[in-house]
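What Swiss-Prot annotates here:
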{"type": "DOMAIN", "residues": "9-277", "note": "domain 'Protein kinase'"}
{"type": "BINDING", "residues": "ILE15, GLY16, SER17, GLY18, SER19, PHE20, GLY21, ASP22, ILE23, LYS38", "note": "ATP binding site"}
{"type": "ACT_SITE", "residues": "ASP128", "note": "active site, proton acceptor"}
{"type": "COMPBIAS", "residues": "301-318", "note": "compositional bias 'Basic and acidic residues'"}
{"type": "REGION", "residues": "301-416", "note": "region 'Disordered'"}
{"type": "MOD_RES", "residues": "SER343", "note": "phosphoserine"}
{"type": "COMPBIAS", "residues": "351-365", "note": "compositional bias 'Polar residues'"}
{"type": "MOD_RES", "residues": "SER354", "note": "phosphoserine"}
{"type": "MOD_RES", "residues": "THR362", "note": "phosphothreonine"}
{"type": "MOD_RES", "residues": "SER363", "note": "phosphoserine"}
{"type": "MOD_RES", "residues": "ARG382", "note": "omega-N-methylarginine"}
{"type": "MOD_RES", "residues": "SER389", "note": "phosphoserine"}
{"type": "MOD_RES", "residues": "SER405", "note": "phosphoserine"}
{"type": "MOD_RES", "residues": "SER408", "note": "phosphoserine"}
Amino acid sequence: MELRVGNKYRLGRKIGSGSFGDIYLGANIASGEEVAIKLECVKTKHPQLHIESKFYKMMQGGVGIPSIKWCGAEGDYNVMVMELLGPSLEDLFNFCSRKFSLKTVLLLADQMISRIEYIHSKNFIHRDVKPDNFLMGLGKKGNLVYIIDFGLAKKYRDARTHQHIPYRENKNLTGTARYASINTHLGIEQSRRDDLESLGYVLMYFNLGSLPWQGLKAATKRQKYERISEKKMSTPIEVLCKGYPSEFSTYLNFCRSLRFDDKPDYSYLRQLFRNLFHRQGFSYDYVFDWNMLKFGAARNPEDVDRERREHEREERMGQLRGSATRALPPGPPTGATANRLRSAAEPVASTPASRIQQTGNTSPRAISRADRERKVSMRLHRGAPANVSSSDLTGRQEVSRLAASQTSVPFDHLGK
């Protein structure tokens, strides 16, 4: 029995899940185009899908912003259909043995700064900048970095007057402790500067393989957050970035020097890394480390040049166009769940790909490194989506649980 959504999309197998819903592979019945379909039970205690869809709709038109194809209710479910995306940068980082080359880090930095700038231009801060929340596109957009998960996003200024939110302290804060800014740890209201500081830690994570405040032991998670905060504040930027080009320490020092309501100079930060890129003699061929593992050889120069031109055109037209989305959750619903959705007489088409184990920022529990790399490699070759990270459906509620340092859930300000 075929399960349909909006009488337009075929519901396939579950490919991910989150705190507030499940994500399925789907397909447009007419065109066959694969999509991601998020389902949330309408009876859930804290409905989030409608809020999330509103954020995505507000962001539509920017390069690297997943496009929304359909939203509505189907039986007992709230539904959001999005364009399908590939693996997250965390997936790819693990695939590349948890180390990126300088070239790959700089290629990513350029796009990631632009994604954050775009969100800020729409009057929101993301508040959960981490590798899991950046995904690569699929097919022709395989070299484009997308930003996802607005579950923790917040409006930082009025859309009409641009009046900035007031400075506050002693906040119960949300975010991911590993990449949180120092001001976030101190309980200060987040603003644009904090998204960019978090990105600085992400870039050094890609350079180093891990950050000095990873793996800290503590009796409770609350104490672990305190230790992360202490270690982060006691590690000078120059020590963190030692052995790497000075641009990385310059970037972090710049972010930390910003005042609460300052508008960051995004162009300056991009240019820092672009100048370094050119001095290193790198080429904007968009060959990332995982491409080398995928193909094992250099690509045709004509293909490289064509992709470069397409990427530049996408960036120029970013304010006028929308783009893609990420994969959603294993196996279609059965029994009572299936009966709540419309059905048709045709058989369910089989869907590709075994799941990629979501590793967060630690080695996978259930599969070996070799098995994980084999599965990611299969997806890279076949253009299949990666499994979504659990943070994709993270809610904005002040939930009571305290998560591990790499998990994006609200965490209490420890200094209160």
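Count begins at 1; order follows the chain as displayed.
Just so it is clear, glycine is given a Cβ too, placed from its N, Cα and C backbone atoms.
Packing around ILE15 (ATP binding site) is summarised by its Cβ count: 28 other Cβ atoms lie within 10 angstroms of its Cβ, all protein chains included. In this structure, the CA atom of ILE23 (ATP binding site) is 20 Å away from the CA atom of ASP128 (active site, proton acceptor).
Across the fold, the C-alpha of GLY21 (ATP binding site) and the C-alpha of the residue listed as 'active site, proton acceptor' stand 19 Å from each other. The average per-residue pLDDT of the prediction over the domain 'Protein kinase' (9-277) is 95, rounded to a whole number. Across the fold, the C-alpha of ASP128 (active site, proton acceptor) and the C-alpha of ILE15 (ATP binding site) stand 22 Å from each other.
In the three-state DSSP classification, ASP128 (active site, proton acceptor) falls within coil.
Of all Cβ atoms in the protein chains displayed, 25 besides its own lie within 10 Å of the Cβ of ILE23 (ATP binding site). Its own atom aside, the Cβ of SER17 (ATP binding site) has 20 Cβ atoms within 10 angstroms in the protein chains shown.
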